[in-house]
Amino acid sequence: MSAALTCSAADLSSLLGPNATAAAEYICGQLGTVNNRFTDAAFAIDNTYLLFSAYLVFSMQLGFAMLCAGSVRAKNTMNIMLTNVLDAAAGGLFYYLFGYAFAFGGSSEGFIGRHNFALKDFPTLTSDYSFFLYQWAFAIAAAGITSGSIAERTQFVAYLIYSSFLTGFVYPVVSHWFWSPDGWASPFRSPEHRLFGTGAIDFAGSGVVHMVGGIAGLMGALIEGPRRGRFEKSGRAIALRGHSASLVVLGTFLLWFGWYGFNPGSFAKILVPYESGSSYGQWSGIGRTAVTTTLAGSTAALTTLFGKRLLSGHWNVTDVCNGLLGGFAAITGGCSVVEPWAAIVCGFVAALVLIGCNKLAEMVQYDDPLEAAQLHGGCGAWGLIFVGLFAKEKYVNEVYGATRGRPYGLFMGGGGKLLGAQFVQILVIAGWVSATMGTLFFILKKLDLLRISEKDEMAGMDMTRHGGFAYMYYDNDDESHRATQLQRVDP
């Protein structure tokens, strides 16, 4: 906002003649009331904007649920949709009790927050309930990413345990490092305390959300092993296709819609002028962020379309949807600090990263039904590198505060310090999530709480664990149904 209106009765009284003091006090009182109304309106507008963005990000849970349901076989539909519901429910409770405090509760050493557990002494001067709701929606998004990697073979209790641990501890610690004003790698710290003089820039979470969710899924899938029938003994990959491309497309569009709360909403405020009295302000940055998000996703989708056509000979809608989401995951970290043309570069490379990661996954017999680790982990890491290369000085200063000599993108003339900070972020996220979630999944495996039995896996978890199928549908690899059909046609 512009500077607050000020009024002094002493300054006015000399200009007003008889009864000057009383008149001046009255005028100043009215101006003070008007100023307070403007301040109240600014808070209301900013909080309404953040709440609306939180609703959009939360709607992505429906997108995740539909995407996951379409990407698994029909016999596991109820199971994967239930896990998405419980990601939100368990995440809500544990983020309220512990997660928000660890993420934004204030700290002295920059590692972990230590105030506001169960929202005690909340709201604060800098945070209101709308901010909590927005950050909770981000936390459960990370948990939703992980559930896709270990789908179709994981015990239900394991979902509850890992989701609570991820949203209540692992994810909040990472968000504290990079998003809290006193996090050790935060770009919001004072200049003398910033990592390499800049801090790591991850505006909406290519690393904090997508890499955390993707690497957590990677650890779970590695420890659990591939689904039965995914790879032959010779090592050849067998496609276990999802049962509904329609649900995949529906989920993708819902995620696309929600991403306009995920990225532009991360500004948290809209009524912030960059040039007082002009049409240029944070609302312009929000619009630009929506544009860069759109261009990166669109470019990644088209690149994947033609790239997979050359590799497989097919126009595959599922691959295009995953490519689109890979572009979004990559641009998320730098969406606010890059030009629209750079977003096209981001999306193009993200598609190549996703295709390459999927090829590597097949080579090492890694099984991820939703390509979540490749998409969110691989493309998220590229997104952080992209920021270090293409962040524009003007936008960095507008979003993170103008500081003389602040580093920005290497290709934009800003030197290599920001790129160095981005690599540090990649390494520490990979190390932290691998150590914490890897240990948790390993313990669950040793306690026989991680993977379901071979019999249950072949029959499908909907029937064995949830009391029946979501609907009557038979997968191509359903051997019992195939045998029944052969008996019917056998004379």
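From the backbone N, Cα and C atoms, a Cβ is placed for every residue, glycine too.
According to TrEMBL, the protein has these features:
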- 49-471: domain 'Ammonium transporter AmtB-like' (DOMAIN)
- 48-72: transmembrane segment (TRANSMEM)
- 93-112: transmembrane segment (TRANSMEM)
- 132-150: transmembrane segment (TRANSMEM)
- 157-179: transmembrane segment (TRANSMEM)
- 199-223: transmembrane segment (TRANSMEM)
- 244-262: transmembrane segment (TRANSMEM)
- 341-361: transmembrane segment (TRANSMEM)
- 373-391: transmembrane segment (TRANSMEM)
- 423-444: transmembrane segment (TRANSMEM)
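The stretch in 48-72, 132-150, 199-223, 341-361, 423-444 that contributes the largest number of Cβ pairs under 8 Å to the transmembrane segment (373-391) is 199-223. Using a Cβ-Cβ cut-off under 8 Å and counting only residues 6 or more beyond its ends in the same chain, the transmembrane segment (93-112) has close neighbours at 118-119, 127, 131-132, 135-136, 139-140, 164, 167-169, 171-173, 175-177, 179-180, 182-186.
Remote same-chain residues near the transmembrane segment (157-179) are listed as 83, 86-87, 90-91, 93-95, 97-104, 107, 110-113, 135, 138-140, 142-143, 146-147, 150, 185-187, 199-200, 202, 207-209, 212-213, 216, 220, 425, 428-429, 432-433, 436-437, 440-441, 444, 449-450 (criterion: CB distance under 8 Å, separation of at least six residues from the stretch ends). With Cβ pairs under 8 Å as the measure, the transmembrane segment (48-72) is packed most heavily against 244-262, out of 244-262, 341-361, 423-444.
Counting residues 6+ beyond its ends, the transmembrane segment (244-262) has Cβ neighbours under 8 Å at 52-60, 62-71, 74, 138, 141, 204-205, 290, 293, 297, 317-318, 321, 324-325, 328, 332 in the same chain. Sequence-distant contacts of the transmembrane segment (423-444) (same chain, at least 6 residues past either end, Cβ-Cβ under 8 Å): 146, 158, 161-162, 165-166, 169-170, 173-174, 177-178, 185, 195-196, 200, 202, 207-208, 211-212, 215-216, 219-220, 223-224, 381, 384-385, 388, 450.
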